[in-house]
Amino acid sequence: MAGQMAGRQKWLLHPAAKPLIFIACLLPFAWLFYAAWSDQLGANPAEALVRATGDWTLRFVCIVLAVTPLRVITSTPALARFRRMLGLFAYFYVVLHLLSYSWFDMSFELADIARDIAKRPFILVGFSAFVLLTPLAATSFNAAIKAMGAKRWQLLHKLVYLIAGLGILHFFWMRAGKNNFFEVFVYAVIVAMLLGWRVWNHRAKARRRVSNNAVVGVH
Amino acid sequence: MLIKTNAHGFNHAVPSEITPQGIYQSRRDLIKLMATGTAGAALASWAGRDALAQAVPKPGKLTALAGAKSAVAGAVTMEKVTDYKDATTYNNFYEFGTDKADPAKNAATLPVKPWSVAVEGLVKNPKTFTLEELLKLSPQEERIYRLRCVEGWSMVIPWVGYSLSELIKKVEPLGSAKYVEFITLADPKTMPFVGSRVLEWPYVEALRLDEAMHPLALLTFGMYGEVLPNQNGAPVRMVVPWKYGFKSGKSIVKIRFTDKEPRTAWNKAASQEYGFYSNVNPVVDHPRWSQATERRIGEDGLFAKKRKTLMFNGYEAQVGQLYAGMDLKKNF
């Protein structure tokens, strides 16, 4: 067991690990770019791009939320090295999503976009998620952590829990008219499990603290 | 071994290769115009577009089903016809899946032969028609209609069929008949998504009797000069060009005349989003998106602007009077 763990750690700490994961995260974008260029996105390529970039945003939000539970459950601290990059990829794909919508759906007509956001709750919710994700992406470098102080930085980055919920609500409302919720359900279950684990872990830690305190006789 | 080549005997044209007279004639007219040189620039461009719109490419995948050029007002738009490939791979037919690529993948299992359509309810002559009887009931016409989906995309499709009114006249509705209901096959054995909770099955659509009697309401058996592909609603469907696409029921097995407004599938699923009328209307938005514009499938590049949606999908001159005095915001 210990050997396996050390092996895993060794791979994750390898200098090539980060570039490799970076390239893997870029693959969906590379594929979409290639498919758009070579006309392989079907009869409605604009719709395909808007949807695919939205899907990848949700997937990266799930992936980044999975880092901490995986790290703790498998005792693999090296996983933490990749969290910032994965979070920034979530932002990368949400920017592409917003860009595709603004470009292909709205032809960059800012007034129309503003009206759309104000009028339609599902667009408003999606746009809010993007807005909330922006300060997280903007404070993702080390100097920002130092300048803000670790406590405040961490508090700000807890916004990702809210953002994940808004992203799923956005997807749910998008699908609501067709009563076609299977995919929404899958994402919701994944996010609920990842957030649920945090609640459970937090409580377990608190319980451990209490019982430890009891053992050493602190009253 | 018998090897057949063109060298052995005569080389007959197959029916799909024969140009319908209407198309042949319009090409002739164009050549005449060009040859005499009397056509003004505007007329020449109109004639050119006409010729383009008429020259419907036959994909040659299914049995040919030709129709004469329709004389019904508004029945032949001059716009560029959507590619057959796009029209047959980008479909909403939820009995075969909710993704637009699903119907083309899954609908091959639909048994379209034998097929019959029961016409019943408030009519003098209720009757179950076989498909063969229906095909022969009236001469087939080619109609090139715009198709506008409620989701905000559109196509231009050359359908083959005849006005539903021809069938309605045969069965003679009673005075009490006010609505016509179209019921789609719901066979869980061959339609893998019948039973999913997306909609209540069978799929039901309906028209008011005067809408159904309008000559543009097409009982449809073919597209692009051939019989309908399964994913497009084979072997018989409705096409109601001034309404959103979902109003045109596919793979119809029953047509029922009623005195009460039928509850339609989409209206049952989300009544605040899909009204009974569902006329194409750029000024009445869907609750979650604008209906003012649409994306023409295949024609415009990725970066092209969407086009403006026309009232009644551009068929206002033909069907506007059906809704005179009605509040179309309330009756959406």
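Just so you know, glycine gets a Cβ as well, placed from its N, Cα and C.
Automated prediction, rather than curation, is the source of TrEMBL annotations.
Pulled from TrEMBL, these are the features on record:
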- A:20-37: transmembrane segment (TRANSMEM)
- A:57-74: transmembrane segment (TRANSMEM)
- A:64-167: domain 'Ferric oxidoreductase' (DOMAIN)
- A:86-104: transmembrane segment (TRANSMEM)
- A:124-143: transmembrane segment (TRANSMEM)
- A:155-174: transmembrane segment (TRANSMEM)
- A:180-200: transmembrane segment (TRANSMEM)
*Find the member of A:86-104, A:124-143, A:180-200 that has more C-beta pairs under 8 Å to the transmembrane segment (A:155-174) than any other listed stretch.*
A:124-143
_Do any residues, 6 or more residues outside the transmembrane segment (A:57-74), come within under 8 Å Cβ-to-Cβ of it, and if so which ones?_
5, 8, 25, 80, 82-83, 86-87, 89-90, 93-94, 97, 160, 163-164, 167-168, 171, 187, 190-191, 194-195, 197-198, 201
*Report the listed stretch (A:20-37, A:86-104, A:180-200) having the maximum count of Cβ pairs within less than 8 Å of the transmembrane segment (A:124-143).*
A:86-104
*With DSSP as the reference, give the number of residues of the domain 'Ferric oxidoreductase' (A:64-167) in helix, strand and coil.*
91 helix, 0 strand, 13 coil
